[in-house]
Amino acid sequence: MGRSVWGCWQSVSSTAVLYGSLALFTSILHNVFLLYYVETFVAIYKIDKISFWVGETIFLIWNSLNDPLFGWLSDRSFLSSPQSGSQITTPEVVLKRLKALSTNGPLFSLSFLAFWVAWASPGLQFLLCLCLYDGFLTMVDLHHSALLADLAVSAADRTRLNFHCSVFSALGSLSVFLSYWFWDKEDFYSFRFFCVTLAAFSILGFFFVSRLLQRRFKKDAHPKQDEASTLKELSVGSAPFTQPDRAVTIRQYLKQLSKHKNFLWFVSMNLIQVFHCHFNSNFFPLFLEHLLSDNISASAGSILLGISYVAPHLNNMYFLTLCQRYGVYQVIRWLFLLKLGLSVVMLLAGADHIYLLCIFIASNRVFTEGTCKLLKLVVSDLVDEDFVVNRRQQAASALLFGMVALLTKPGQTFAPLIGTWLLCVYTGYDIFDRAPLKDSVMVSDAASSSGTPPLRLGCFYMLVFVPIACALLQLAAWSRFTLHGRKLQGIKTQRQGIQHGHLIDVKAI
């Protein structure tokens with residue numbers, strides 16, 4: 001009895017906790033990357049404006065194409081309906097993804113280090129570092145996200161897995177607090193040492209955790225392989241709804257996606273969300289400097305910065321409990337309405353209410369990032385719908401996550417480009433020259449006549465108008481999304497029925 005209880009506790013703790021811990025090894029590096037990579041190349045390596053824009057443009061193309069490319073290479077075999085008896089089981093799919101994580105995770109950590117040492121001309125290094133880093137990050141993120149759809153089907157089980165990801169992502173965000181004490185433009189050595197320490201921890205974590213999870217699922221894969229070989233000898237065991245020997249080409253797959261209306265409305269909403277998330281990350285230090293630096297201390301600014309990175313993960317734990325009660329669709333809709341309401345209140349209050357401004361800057365990032373954390377659950381639901389509607393032999397989760405990224409990741413590149421352009425248009429301020437341009441626009445003139453510094457007023461307008469515009473567009477797109485309520489429950493029931501006997505025992509999660 002004691003042994004069975006101990007074994008049950010080990011099963012419950014191992015899968016969900018180990019899966020969640022993989023988010024830690026990504027977040028401790030990626031948060032530092034998002035916060036400092038632009039500042040490093042602009043202020044320390046002195047990259048020129050043309051090289052920066054060229055690098056970001058090429059990165060935009062690579063950033064968009066590598067997700068569906070890697071997803072197709074990973075999941076193309078799942079789209080076709082194989083000959084009788086050769087159906088791929090879910091434990092085998094999970095093992096395949098874990099092997100990819102054990103290889104690409106450490107390589108992702110090594111690519112992170114390439115940013116913090118000058119080893120080529122700033123323009124060339126900027127381009128190569130971005131493309132190399134994003135390539136390995138894509139492999140890690142695709143397979144980790146796909147595991148969410150492969151490990152569980154029910155909303156409760158997926159919410160539990162996502163909850164553990166939020167816990168470990170919150171721990172990973174502590175690297176932002178620590179980075180403040182090491183960041184020094186004049187003496188970059190200590191920050192480099194800090195980054196090497198983070199990368200070493202991440203490398204070891206990816207290697208050992210993915211190996212532990214592989215050992216866990218090899219036990220499930222072997223019985224399924226024995227069953228498959230028996231079925232093959234009997235010439236039975238084809239997946240329901242399959243059509244043998246018909247491979248799905250990339251053109252056919254894209255045609256299927258083009259008819260998937262919920263997918264199209266989701267990526268429309270998510271493109272704006274990705275833009276807003278990265279806009280907040282890229283310009284958070286700028287807002288602190290020009291809106292708050294004269295009124296709060298440097299230590300208070302660092303605390304506000306750290307809270308804005310940690311709080312979304314902690315807040316997400318509460319959002320996930322709301323999702324279990326009201327559904328993911330409704331919670332995301334409430335967050336859009338909250339973002340719109342807070343932005344309108346801040347606009348009416350003005351830039352002179354410092355404490356309200358502090359709360360808004362932090363909450364804007366917290367709620368925006370919190371929404372991003374919930375979207376993986378929606379993509380997992382879209383995986384279920386794609387599986388049922390197109391009668392897949394196995395859910396092509398990594399490929400669908402990749403196609404979502406293809407259409408939404410451009411927002412990541414548009415954020416710094418549009419942000420720097422808006423700043424220049426509104427204020428005449430060029431972050432590359434570190435000085436106001438002569439050709440200021442009418443916003444600067446209006447600000448000067450009212451006694452408010454033009455740069456400060458321009459930053460304030462960017463801070464409030466960007467979330468207002470994003471929220472309105474997102475609410476319009478989200479209202480057309482129908483995969484929720486009874487329809488979603490029906491899709492999940494059909495998938496569980498089709499894959500009965502080939503799914504992992506979710507009680508062990």
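For all residues, glycine too, the Cβ spot is worked out from N, Cα and C.
Residues annotated as transmembrane segment in TrEMBL: 16-38 (among others).
The transmembrane segment annotation in TrEMBL covers 50-65 (among others).
Residues annotated as transmembrane segment in TrEMBL: 107-133 (among others). If you look at the transmembrane segment (107-133), the same-chain residues 6 or more away from its ends with a CB under 8 A from one of its CBs are 25-26, 29, 33, 37, 40-41, 45-48, 50-52, 54-56, 58-59, 62-63, 139-140, 188, 191-192, 195-196, 198-200, 202-203, 206.
What TrEMBL records for 161-183 (among others) is transmembrane segment.
What TrEMBL lists as transmembrane segment is 189-209 (among others).
Sequence annotations record features per position, and here TrEMBL assigns transmembrane segment to 263-284 (among others).
The transmembrane segment annotation in TrEMBL covers 296-315 (among others).
The transmembrane segment feature in TrEMBL is assigned to 336-362 (among others).
The transmembrane segment annotation in TrEMBL covers 460-478 (among others). Tertiary proximity for the transmembrane segment (460-478) is limited to same-chain residues at least six positions away from its ends with a CB under 8 Å from its CB atoms, namely 265, 268-269, 272-273, 275-276, 279, 283, 287, 291, 329, 332-333, 336-337, 339-340, 342-344, 346-347, 351, 360-361, 364, 368, 419, 422-423, 426, 443.
Taking residue pairs at least 6 apart in sequence, the transmembrane segment (189-209) and the transmembrane segment (16-38) share three or more C-beta contacts under 8 angstroms.
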